[in-house]
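These notes are about the structure you will find just below.
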Amino acid sequence: MIEGIIVEGLIYGIMALGVFLSFRVLDFPDLSVDGTFPLGAAVMAICLTGGMNMGLALLVSFTAGFIAGGITAVIHNKLGVPSLLAGILTMTMLWSINIRVLGSRANLPLLRTETILTSIRTLGEATIGETAALLIFFVIVVLIIKLLLDLFFHTDLGLTMGAMGDNEQMIISQGVNPEMVKIIGVGLSNGLVAISGAFAAQYQGFADVNLGQGIVVSGLAMVMLGEFLFSSNRIGLLTLRVILGAILYKAIMFFGRYYGYYINLTPNDLKLLTGLLIILSLILTKYRSKSLKFRRPAND
Amino acid sequence: MIKLEKINMIFGEGTPDRNHVLRDVDLQINKGDFITIIGSNGAGKTTLFNVVSGNKRPSSGKVIVNNKDVTNHPEYKRAKYIGRIFQDPLLGTAGNMSISDNMLVAGNKGFKGLKISLNRKKREYFREQLKYLDIELENRMSDNVGMLSGGQRQALTLLMMSLSRPELVLLDEHTAALDPRNASKVMELTDKFIDEYGFTVMMITHNMQHAIDNGNRLLMMDEGRIILDISGEEKNSMTVESLIKKFHDIRNKDFATDKTLLS
Ligand SMILES: Nc1ncnc2c1ncn2[C@@H]1O[C@H](COP(=O)(O)OP(=O)(O)OP(=O)(O)O)[C@@H](O)[C@H]1O
Ligand SMILES: [Mg+2]
């Protein structure tokens with residue numbers, strides 16, 4: 001059970017890292033996530049059933065998410081609409097696109113398809129057991145993604161992204177085109193979300209266009225829960241607490257689902273629970289003296 | 001070097017709020033000029049800077065830089081050769097980043113790639129540069145800029161702007177939001193940088209004495225026009241009183257601004 005919670009937390013933690021990048025670093029509240037999560041799932045599923053190399057399929061999913069996120073940024077940049085609306089547009093359009101990607105259906109089972117996770121499971125069966133193998137696999141995957149992201153935030157481009165989220169005029173004054181930075185940033189964010197969706201599909205054994213419903217809100221809840229664990233201005237700790245927040249969120253949802261019936265909670269109430277969690281976080285943040293907004297790390 | 005040709009700026013064209021803010025402004029900025037600009041509130045000084053920096057496109061007219069028409073170039077492109085400091089100390093730096101990271105973003109203008117360029121050598125260079133400010137920021141390079149005072153922040157902005165050696169520096173009342181002690185410190189640093197690097201400068205100020213004491217050329221603006229453009233001996237012999245009288249003679253009204261008179 002606990003392994004299951006952690007594995008789910010890690011899978012969705014990748015999505016939460018994407019949400020952290022757009023909402024916290026770029027200060028670009030982006031709702032495309034609800035569409036790019038199932039997009040990643042759909043692309044992965046169709047590539048795998050088509051017999052594509054698994055690593056390549058993951059890369060294709062990431063790229064699809066990146067492009068979709070980039071389109072959100074372009075809509076925002078070129079039409080001057082708020083990021084929220086741009087994200088809703090992309091999300092809505094993606095619903096139709098995802099059905100097309102899945103070959104005109106809303107759901108594609110992966111039961112008899114060889115996936116990255118079936119190979120891990122088979123490998124585990126013979127040695128340390130399925131659950132342990134999955135756990136170790138996802139710890140490694142998420143750690144690699146986290147470290148790459150940390151590294152990225154130390155590059156000139158990564159630093160510029162952090163600066164833009166704080167002060168767009170400053171980066172314009174430094175000769176940087178903010179539109180370009182947004183395209184790359186929101187693209188990267190949704191690329192991560194798509195990877196998360198790709199793993200979720202393999203974990204659950206199917207891809208579904210409705211997989212993404214309300215996912216951005218849960219991602220936000222994960223980010224905010226993480227912010228309560230500890231405060232820091234070091235990027236390595238900031239990304240770590242996003243992942244911990246995701247695991248914590250999955251744990252809360254698990255208990256909501258399995259023990260909620262004592263207080264008459266049904267699985268249908270989980271969205272309500274998510275919303276209340278966010279509202280609670282907002283209230284607590286308001287009364288906290290320290291700002292929990294993203295802070296750039298010192299670089300030494 | 002930089003030329004403005006018949007610049008007009010009209011806000012709210014076709015609405016009852018139509019506001020003709022710049023009227024047929026012609027200006028030639030020569031290399032090495034240090035131009036101070038005064039004028040009443042709403043005269044169009046900041047709008048003039050917005051047009052020069054590319055922050056706003058003029059309704060008509062041309063901005064020419066080194067014989068090239070840059071009127072339609074976006075602000076971020078012009079930022080490569082124009083440095084600008086605002087009245088608000090928060091606008092020049094990112095408060096959620098450390099001093100050294102801020103300096104890094106400012107170090108080389110233009111698009112930033114996937115290089116990790118903050119190394120020991122760069123840090124040493126930044127430290128040297130910060131020492132030059134003489135406000136002990138060199139010992140706080142890892143502190144977030146948000147922790148600095150307005151004066152420290154504006155001094156840092158000045159330093160960051162200088163790192164890229166812009167061809168033209170625009171200062172828009174950049175000491176006005178500071179207390180008198182910090183204001184004079186930042187002004188002192190400004191003079192030091194201009195001397196050291198020989199910048200070409202335009203400086204808006206509400207302090208007439210500053211406008212007379214600094215620079216080689218003085219512009220006075222009113223209702224969207226440059227009504228006075230003096231330099232050399234004529235400028236040096238000016239006093240605040242004679243400047244106000246001059247304004248009165250030209251415009252046939254009193255020089256009105258809430259901030260100027262007593263400064
Ligand atoms: N973006 C804008 N939209 C509409 N009107 C504007 C805009 N920017 C400036 N104005 C108007 O243009 C006029 C000149 O403004 P500007 O800021 O250039 O004056 P200023 O000379 O800098 O004044 P101050 O000394 O108060 O800073 C004002 O009437 C102002 O309301
Ligand atoms: Mg002004």
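Cβ coordinates are placed from backbone N, Cα and C, and glycine is handled just like the others.
In TrEMBL, annotation is done automatically, which means it is predicted and not curated.
Residues annotated as transmembrane segment in TrEMBL: A:5-23, A:43-67, A:79-97, A:132-153, A:211-230, A:237-258, A:270-287.
The stretch in A:5-23, A:79-97, A:132-153, A:211-230, A:270-287 that contributes the largest number of Cβ pairs under 8 Å to the transmembrane segment (A:237-258) is A:5-23. With a threshold of 8 Å between CB atoms, the same-chain residues lying at least 6 positions outside the transmembrane segment (A:79-97) that come near it are 28-36, 38-39, 68-69, 71-73, 209, 212. Listed as Cβ neighbours of the transmembrane segment (A:270-287) (distance under 8 Å, sequence separation of 6 or more from its ends, same chain) are residues 214, 217-218, 220-221, 224-225, 227-228, 249, 252-253, 256-257.
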